[in-house]
Amino acid sequence: MNHYPLFADLNGRPVLLAGAGKVAERKAESLLQAGAAVRVVARELNPVFQKWADEGKIEWLGSEFHDDDLDDVFFAVAATDDYAFNRRIFQAAEQRAKLCNTVDTADLCSFTVPAVIDRSPLKIAVSSGATAPVLARKWRQIIETLIPLHTGQMAALAGKWRNAVKAKIKGTANRRRFWENLFDSRFNALAAQGNLDAAEAELAAQLDGFGAAKGEVVLVGAGPGDAGLLTLHALQAIQAADVVFHDALVSDDVLSMMRKDADKISVGKRAGSHHVQQEETNRLLVEYARQGLRVVRLKGGDPFVFGRGGEEAQVLRQANIPYRIIPGITAALGATAYAGIPLTHRDCAQSALFVTGHSKHDGHQPDWRTLALSNQTLVVYMGTLKAAETAEKLMAHGRSGDTPVAIVSNGTLPHQSVVTGRLKNLSELAENAPRPAMIVIGEVVSLRDELKWFQENPAQSRLHTLHEQAA
Ligand code: SAH
């Protein structure tokens, strides 16, 4: 099967449809939408067809099919529940060199109708060549989620400017480069925000300054590790990037979403092991964007949660580089969900606090009295090194040493591991926990026994049991 794909302009063109039941109705709907003049052969019309006939939207030829009904139509669709009748139409169509589509009957089709993703004027058709329509529909659904709703509006704007672009930029290759850059640039983001005027102004500006394109930086939250937790915006930004600066925390699965020809630069920094310094990262972001590149700064979790996204955005603002922020699922949300620990629960935690065990200004002391309050969940980022001190301070300020605690390591990843115990044993639990690790303190941790759902690495589960015994 090697079908030739095409998009037909049916506006005002007659088409023959056999059948006027539920199945035929779906066919008629899409034909009418395309503006076809639908002629129906059917013993009787269902109420919808009847209404269409009354309104003059379709023409009913009666119950008899005559071969010469095919003479002045462009193609036929056989959608009755009578195989023999459908076959008669197909055979007559073959003899008269007309295309015919028969519903759900591959051997009576000279053309098939694809599953369609409609972002008019952009349309994407998926076909399995009459072998597995359900599979084609499944792919349609997947693609549907990947193609933003505003794509149609972008296509319409592009259509409006097509001639102007052709007049200004010589050479097909140059024009292709212009359009590629445009669709991956701020133009896309502006259209996505529904700001079509600004998008059009951006198009005009890029056309004006073609060759001197200005880059941008997108601060993207990569989520805690499982690539399925990326947002659609994040995925699109990663795939559009010319260069990606990423943390050590960003998982390989997420990085594998990059274009193969894009540059990948690790600027990871983990407590203890210094890689590229923050000032150097800031400098590189500005430098690459100034070269007109689409720069993605990819950060574990969310860029604005203990991620220095705020500092980087400030630098970009000062350097006058356009930027966007795409939030991600922060580790506190991802790791607890995959560990089966609800952050709040009406019975035992009315609030959740996200704190860091590590701060830029040494000597800065958190308000331990507030942190030690009961009926709340405390989530500590970067907390394993200072776990002993944290536990001690919380207990000194009134939190019970028996408060349940969990340490979630490599949350949401296949090698996630979780250990649970009591606040008084937190430092021992933390000592052996693989990193990155997140400390969760509060009664909600005890719900894990009931709510645990994610399959964790068996080797780590053994450790889990040892700790349980120790606790
Ligand atoms: N911006 C990130 C946090 C960066 S700070 C976010 O929003 O998630 C780094 C800390 O995040 C680590 O020390 C650890 O406490 C936590 N962390 C990040 N990813 C994690 C993961 N997959 N599992 C557990 N903790 C994680």
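If you go along the chain as it appears here, the first residue is 1 and each next one adds 1.
Just so you know, glycine gets a Cβ as well, placed from its N, Cα and C.
Curation does not apply to TrEMBL; its annotations are automatic.
When the candidates G194, G398, G401, G411 are compared with the S-adenosyl-L-methionine site entry in TrEMBL, which names P224, G300, G301, D302, V305, T330, A331, M382, the shared residue is G411.
Here D247 (active site, proton acceptor) is positioned 14 angstrom away from A331 (S-adenosyl-L-methionine binding site), judged by their C-alpha atoms. Of the listed binding-site residues, namely P224, G301, G411, the sparsest CB environment within 10 A is found at G411. Within the same chain, residues at least 6 positions away in sequence whose Cβ sits under 8 Å from that of S128 (phosphoserine) are L135, A136. Taking a Cβ cut-off of under 6 Å from any atom of ligand 1, the recorded positions S128, G301, A331 reduce to G301, A331. Summarising the environment of A331 (S-adenosyl-L-methionine binding site), the number of other Cβ atoms within 10 Å of its Cβ, over all protein chains shown, is 28.
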